[in-house]
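Undergrad: Handing you a structure now.
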Amino acid sequence: RMRRERFWFCLEEERKVKANDREYNEKFQYASNCIMTSKYNMLTFLPVNLFEQFQEVANTYFLFLLILQLIPQISSLSWFTTIVPLALVLSITAVKDATDDYFRHRSDNQVNNHQSQVLIRGSLQKERWMNVRVGDIIKLENNQSVVADLLLLSSSEPHGLCYIETAELDGETNVKVRQSVSVPAELGDPNNLATFNGEVVCEPPNNKLDRFCGTLYWRDKKYPLTNQNMLLRGCVLRNTEACYGLVIFAGPDTKLMQNSGRTKFKRTSIDRLMNTLVLWIFGFLVCMGVILAVGNAVWEKEVGSLFQSYLPWDPPVDNFLFSAFLSFWSYVIILNTVVPISLYVSVEVIRLGHSYFINWDRQMFCSQCNTAAEARTTTLNEELGQVEYVFSDKTGTLTQNIMSFNKCSINGQAYGKGTSREKNTLDFTPFNPLANPDFCFYDEKLLESVKVGDWHSHEYFRLLSLCHTVMSEEKSEGELVYKAQSPDEGALVKAARNFGFVFRSRTPGTITTTELGRTVTYSLLAILDFNNIRKRMSVIVRNPAGRIRLYCKGADTVLLERLHPCNQELMTITSDHLNEYAADGLRTLALAYRDVSEEEWEVWSESHRSADKAVDCREDRLAAAYDKIEQDMMLLGATAIEDKLQEGVSETIALLSLANIKVWVLTGDKQETAVNIGYSCKMLTDDMMEVFTISGRTVQSVRQELGEGQEGDGVAGDDQLQGSPCPLPPTYLMDNISGEFGLIINGHSLAHALEADMEVEFVSTACACKAVICCRVTPLQKAQVVELIKKHKKAVTLAIGDGANDVSMIKSAHIGVGISGQEGIQAVLASDYSFAQFRFLQRLLLVHGRWSYLRMCRFLCYFFYKNFAFTMVHFWFGFFCGFSAQTVYDQFFITLYNIVYTSLPVLAMGIFDQDVPDHRSLECPKLYEPGQLNLLFNKKEFFICIAQGIYTSVVLFFMPYAVLSNATQSTGVPLADYQTFAATTATALVIVVSVQIALDTGFWTVINHVFVWGSLGLYFTIMLALHSQTLFRIFPKQFHFVGCAQSTLLQPVVWLTIALATAICIVPVLAFRFLKLDLKPQLSDTVRTHLRKPAESRLGARGGSRSGYAFAHQEGFGELITSGKNMRLSSLGLASFASRHSSSWIETLRRKNTPPKEPCSSFL
């Protein structure tokens, strides 16, 4: 809908763009850069909104009734009794929808009216974003957002480099590098860009963020284009003075918008059930109308014909069949109150109240960012109490994206006491003037080790200061700013800085450090770059004394096997430390070194140069060369970095798990990072029987790995899926699998798993696992996973994220939650609910969601009960009034029953009711399960409610009928008249339903008391007023029950009848509830009765070993550093890189031994 309709838009196989030629590009009718996320405009609002509202079956039903009431021959009630409430409901909903869409329009206008600099006719001119066209050349300046998907043509930085932040796209806040097209140097001159007329032929618009393929044709030459040459909309230019780009995709064709998904009309499961019930009720209404119409036909033929001489049929009735036909429609109108329109007004009011409770909850207010929780919709509150699957982003949602050097192991000695606020932070300033004051470490033994000159400690931090690709900028003397490829690598360099080994600067061939106050410059001989297979990086440097040494850091799973055999004892101890760090959820690396002789270096350098220049299999040859020299290394120790979780994340996930809510993490981050966070937040534990890793890159390998997973966890197959011959309840799967399992799958494998022929296997395997982590997934894949669960599982889904890369997932889920964090407000704008921290999700679901579901279910049960009790009396009366469509009650009572007499008590219950206090809901998460199983309001509960209502109507009709038919006043005047019967039945009805709601209310407030007993008093007040002689004198044709209330309510037999009817209606209910409470109490009954605090859940201690390796690098930038292309005088930024996680865990020796002897050689 956001893309303009183009007759060939489905057939576009390639895109052709010519620079500085709007006339040429416009013939393809490419989309403009204007975006539109709103649903309506001034012309379409009324028809589209009414169409959406009349998709509600009830609205269509009431419109049909309104048309019937306009026909005087069949209408027993005034038309305004239907049109006023219907118009009110439609208006309230329309205003709410218009308000929501207004804010979308305002957001769109803010974006579309941003200013950009466009090269037009040789000069830069300011244009609004919405006026930018494909083929335009745009100038971007530092800290500006990218206006569209641009091909980078030139940059103010050396070698055409520029630096961008992609948080809006993939959630990663690290700076990434892009390089301009390798075109002749004159294109770097902005004055020559006006005459640039190159043509780009590339792929059509798509949603793949990590891929771009195209060719630039210019001056009879071809230049290949890749994703490294593209600046995507949503990125922000960082650390780059200016750059120029050619617009390739604009507006809805940009990759950001292609991944955003559509704004969907969300409806709760209760709404869908109510639509079904309304259809059933309408069918029941038709059946009652047919029965009474048949009765009318029989009565008119057998009895009514005897009265024709003095009581003829009203025109146009001329026979008993036509009389029956009109009687049918009359009864449809009279009996329509089984589903009054006030139901929908009340539902909207209750939902609005629940939304305000969320907004006003001080326990969901974040004082740090001064942000309160916000319910951005009022239609999904009760759905919050039925969630079974939570899909969460990682970066910025579960974590703060802040890395800290937490612990370390050096030569078998463990250092680091954690990060407790109670411990004193070390003061590095007296020891090191260049120390970063923000760095925190709590173990003074490590600092003492450095001060006394421990060789291993010095070499450890020397490695951290040299083995990296961090760029340094010294703004003033001693004021260092590091530009790291990843926050964890930056944390290691900062740690080395504080312990006296300060990285100062680099050139393509040197690295300059300050070591304990002494400036040292190393010759950088080679960078052995990181890639997904190696899982390590190394540098080879020559010290001022001329000695060559290789420093290496990487995953323990690959580095420990390359150690010299003499490291066996140290490896055992260090492995124990690594296991402890990994068990704490820390990101670990192992560190090692080796000395390289001049002869060995010369030989290896030559083999490395030949591999680097190889045309075929270059990567394989380089990997072989790297592997050759990275052997027989000496172990130094290990690092442990904490990727800080947000406050309360572990507790929240634990509570959600106890509430039978499955949490899936869908992240664009690398596998190791996500897995370590999974352990940190207790999603994954070493107590799990097995954690399956799906990492295949082909359909066959993914299918094989899924098959192995199904055999491992005992998944039964497709029976768990919706639509199977014997669908299983939501808890059956986990209850029938012995043990707990985890599943980890990367984006490549997920692409295959989401295919139609494999999605069933994936769902059955994934849903059998307690925790699922999907890594390296695109925004669209996030949405596809959510849609897959919605398709195959009968469950309510919730998606939570904080960045623009989460918008598609948020829109796809039943409920979308936005975190108002560090990555803009796109996720919040697309969400249904928003707050500042992940931990507030537990209160949103377990308190507000559960209460909303409970209140709505109780409200609906009571509402259907009271209206069937009210309406069915007309049905029984039809058998005693000649089926003449005569109403039992006074017309004003019919009008006021749902609007005044019974509306406020049920509203108070629907808004304020609780079964247990909020802290009990959090202490006992199992209370949440009835909502997941839909136990409180379903088809069975509905039939119980209407059965009780029908029973009540039988008592309310036949009890007064039986008593009053032979009763007399004290004066001897009979009481068996229509008005006395109507007043008695109406009074009994109001009292019975008032007593019933008093029994149904579980939490009494002052408002409940005022509304319940006040409504009862209001009934008698209005009744006496309507039956007074004053109104009769003023409106004699409208008020026919003159004096009826006074005469009826003064009769003891009437009150006896009312008391007897009330007892017969209420006593069976009381008896049933007492028996149920005694014989089969619910969990909420037990909690409320005994006020017993549930035992705290204990998380089992981890056993076994696993790698905590996490290294956010990607292949390619070691070569960039050594080539000198990324060197410049101003600040630098590099890309954030990621790796693939190994599915095999290292088996660590568990022996404790003394630290090994010091090595024989010394580097310095």
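The backbone N, Cα and C atoms fix where each Cβ goes, and this holds for glycine too.
Feature list, courtesy of TrEMBL:
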| type | residues | note |
| --- | --- | --- |
| DOMAIN | 17-83 | domain 'P-type ATPase N-terminal' |
| TRANSMEM | 77-95 | transmembrane segment |
| TRANSMEM | 277-299 | transmembrane segment |
| TRANSMEM | 319-345 | transmembrane segment |
| ACT_SITE | ASP393 | active site, 4-aspartylphosphate intermediate |
| BINDING | ASP393, THR395, ASP802, ASP806 | Mg(2+) binding site |
| BINDING | ASP393, LYS394, THR395, GLU489, PHE530, LYS553, ARG587, THR667, GLY668, ASP669, ARG776, LYS782, ASN805, ASP806 | ATP binding site |
| DOMAIN | 828-1081 | domain 'P-type ATPase C-terminal' |
| TRANSMEM | 859-880 | transmembrane segment |
| TRANSMEM | 892-912 | transmembrane segment |
| TRANSMEM | 942-961 | transmembrane segment |
| TRANSMEM | 981-999 | transmembrane segment |
| TRANSMEM | 1011-1032 | transmembrane segment |
| TRANSMEM | 1052-1075 | transmembrane segment |
Undergrad: Taking each of PHE530, ARG587, GLY668, ARG776 in turn, which of these binding-site residues have a Cα lying within 10 angstroms of the Cα of ASP802 (Mg(2+) binding site)?
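TA: Within 10 Å of ASP802 (Mg(2+) binding site): none of them.
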Undergrad: May I ask whether the transmembrane segment (942-961) has at least three C-beta pairs under 8 Å with the transmembrane segment (319-345), counting pairs 6 or more apart in sequence?
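TA: No, the transmembrane segment (319-345) does not contact the transmembrane segment (942-961).
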Undergrad: Write down the Cα-Cα distance for ASN805 (ATP binding site) and THR395 (Mg(2+) binding site), rounded and given in Å.
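TA: Here the two Cα atoms lie 11 Å apart.
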Undergrad: To the nearest whole angstrom, what is the C-alpha distance linking PHE530 (ATP binding site) and ASP806 (Mg(2+) binding site)?
TA: 29
Undergrad: May I have the DSSP-based helix, strand and coil counts for the residues of the domain 'P-type ATPase N-terminal' (17-83)?
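TA: Helix/strand/coil tally for the domain 'P-type ATPase N-terminal' (17-83): 31 helix, 2 strand, 34 coil.
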Undergrad: Using a 10 Å radius around its CB, how many other CB atoms surround ASN805 (ATP binding site)?
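TA: For ASN805 (ATP binding site), the count of other Cβ atoms within 10 Å is 33.
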Undergrad: Let me check the 10 A CB neighbour count of ARG587 (ATP binding site). How many other CB atoms are there?
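TA: Its Cβ has 26 other Cβ atoms within 10 Å.
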Undergrad: In this predicted model, what is the average pLDDT of the domain 'P-type ATPase C-terminal' (828-1081)?
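TA: Summarising the domain 'P-type ATPase C-terminal' (828-1081) by its mean pLDDT gives 90.
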Undergrad: So how many other Cβ atoms are close to ASP802 (Mg(2+) binding site), meaning within 10 Å of its Cβ?
TA: 31
Undergrad: Just the number: how many Å between the Cα atoms of the residue listed as 'active site, 4-aspartylphosphate intermediate' and ASN805 (ATP binding site)?
TA: 9
Undergrad: Measuring Cα to Cα, how many angstrom lie between GLY668 (ATP binding site) and ASP806 (Mg(2+) binding site)?
TA: 10
Undergrad: Would you count the other C-beta atoms found within 10 angstroms of the C-beta of PHE530 (ATP binding site) for me?
TA: 25
